[in-house]
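Engineer: Mind looking over this structure? Questions follow.
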Amino acid sequence: MKKHLSLTLLSMVAATVAMGSLSAEEAGHQEIERQKWSFSGFTGQFDKAQLQRGFQVYKEVCAACHGLKRVAFRNLVQPGGPEFPEDAVKELAATWPNQITDGPNDEGKMFERPPLLSDPIRGPYHNDNEARASQNGALPPDLSLIARARDSHREASWYIHPFLMLGDILNAYQEGGANYIYALLTEYSDAPADYKLTDGKYYNKAFPGHQIAMPPPLSDGVVAYQDGTPSTVDHYSHDVVAFLSWAADPSLDQRKRIGWQVILYLIVTTGLLYLGKKRIWKNIKH
Amino acid sequence: MGGHTSNYVPTSRWGKWLDERLPIARLMQSSFVDYPTPRNLNYLWTFGGILTVCLLAQIVTGVVLAMHYQPSDAGAFNSIEHIRRDVNYGWMLRNLHSVGASMFFLAVYIHIFRGFYYGSYKAPREVLWILGVIIMLLMMATAFMGYTLPWGQMSFWGVTVITNLFSALDTIYPGLGTAIVEWLWGGYAVSGVTLNRFFALHYLLPFVLTGVVGLHIWALHVVGQNNPTGLDIKQPSDTVPMHPYATAKDSVGLFAFLILFAWFAFFVPDYLGHADNYVEANPLVTPPHIVPEWYFLPFYAILRAFTSSFLGIPLGQYAKLCGVVAMFSAVILIAFAPWLDTSRVRSAKYRPIFKWFFWFFLFTCVALGYLGSKPAEGIYVIASQIFTLCYFLFFLAVMPIVGLIETPSRLPRSITDDVLSKGGTGLPTGATAAPESR
Ligand code: HEM
């Protein structure tokens, strides 16, 4: 019986090793590199100055095509975000190029008005069809959730996988989306000679399928930073991705702060309960 | 409840008055205070309490979420974002509820494997075990419908794929499957109508679940708890009163579990979810990989193991039906464990052969989970088929056969004997029997 068992076990191991080598082969495709973020890990928090720069990049570059409809102007003032002064944001809203459709007014007509603090940060298009019509049929997605709505997967053999998962859980790794968008913004290049690029598309190693309808949005010097940060694509990308990560998860700072209080409370209580339990069971063998 | 008589003595006049009319305090005292529990229970026995807390936590967080949630095609996704961004501590409620569902399943799977290892399903605990399987089915239905509520891409396509399974019945009676699917959807496609009824059921089922949990605990208190030796309770010194002994241990287990829970809820709340569910449902765009939540992956792997053939056996038009039947049987079969297992010895501790098969069965389930997360192609399909076979063989071959051919190792005479013979200098019996005299 035992022999039989080891035989089954052996064949299982053989099958699983075969599977492992298969997934290693698949790993041929582009691996997304992990970046260092101020907000990564279980202690990470957003860097206010970086979020402010990131918003500047969004406003001056991305807003030409992408909306941010789940973020309201007032959110830019709130703690845990870029924390711009309220007056500056009021001014910003009043001069925002994309107006809010409101109404009907007393004459029963809809009208356009500048946004208020409580209004969402609208993109240039009123609906998806308008967006597609002006973007060659491609749809620039709203960016408010994009950092959560994308991910980057690591390929690994089945016997490595559990350890990578455990490592990610213990390190509180949640930046798959951020790393992907950073790669997307920085990995534009000329298509390899044997690659057939569709007209009006751009070669990008990070994008699934490698051809994207978005023209490379960033180049060195397009945004003039006020705080002395170098005006490079690398800095722009890090900053705008940090901003988008905040937009997708505005409670991150508070979440981790409360998280530590909860975890510490639970650890101490578990310890005390354990001591109590030991004492109660002291005279009873079990 | 059950075989143990109460020694409740009301301490106040009001208590006495109530006790003569509704002996609820007496019931509580006999069920949860001086109820005798085996003295040798390990931490795997704390999961029942943990599960009760999980259920209550899901109900509390769920009811508050429901106050801010809108079950409509246009409103659902936006209302979740409203909860995450604008409701006070809404992000916390939502994380606790979605991570809570995963923790609930983690706990229930540990609870079930505990039962397999120590033979807790065997007589006289068959009804208790079947009630457990019903609880698991209800949990699955609840979680499945709950996962549709955020109305993201994975929600939408998950329901589409799973409800479509019923169309496999068309191969038995043309039109039957389609009729059922359309009845479930409330239309010709998954839509806001489907979402609305799923929300109604998602609100209802946890309370049905609570009722079945009540029966589960009732049945438990009639037959008593199993224990790591699998032996029956034979003498008073085999047990200790539930309070403060079991309760002290349960609270340690619960709080340790809550550390894990909090870690996920506060530091990696999206780890167990899928990025595609942050994209609003869109019937026109199919995501590249449709995968269910992690706790369904082993069953999903069984479903997908039935391609046009299974381990070389051609299935033809019945492939889908076979997959669906196999997936549901994989759960239902668990309920038959009490009759499939022919061994009279409960605990795998004393079953030298079964013990190995137990660990291999655990490995099978984990492997199926891994395969369920992989695309159904090439070697993954073959591996899924092999492990699916292993899953069913555990119930249909290992359980009946091993019980007949295996010679169990020598069982201790009683729980007390087993405990006292464990290394070190045992305390005098007088001291160990102390709990009864306290
Ligand atoms: C057995 C207990 C329960 C389980 C296993 C369960 C499971 C789930 C799951 C898996 C989700 C999707 C989570 C997500 O992706 O966000 C969900 C969402 C939801 N559940 Fe439950 N649930 C339970 C009890 C309840 C109860 C009792 C209620 C209300 C009375 C409730 C209300 C909701 C609501 C409103 C949502 C949508 C909000 C959201 O997705 O964050 N749940 N549930």
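Quick reminder: no glycine exception, Cβ is built from N, Cα and C everywhere.
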Engineer: In TrEMBL, the residues A:Cys62, A:Cys65, A:His66 are said to bind heme c. Which of A:Met165, A:Met214 is said to bind at that same site?
Structural biologist: A:Met214
Engineer: Tell me, by DSSP, whether A:Cys62 (heme c binding site) is helix, strand or coil?
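Structural biologist: Reduced to three states, the DSSP call for A:Cys62 (heme c binding site) is helix.
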Engineer: Once near-sequence residues are set aside, which residues in the chain of A:His66 (heme c binding site), 6 or more away, have Cβ atoms under 8 Å from its Cβ?
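Structural biologist: The list for A:His66 (heme c binding site) reads A:Tyr58, A:Gly123, A:Pro140, A:Pro141, A:Asp142, A:Leu143, given in order along the sequence.
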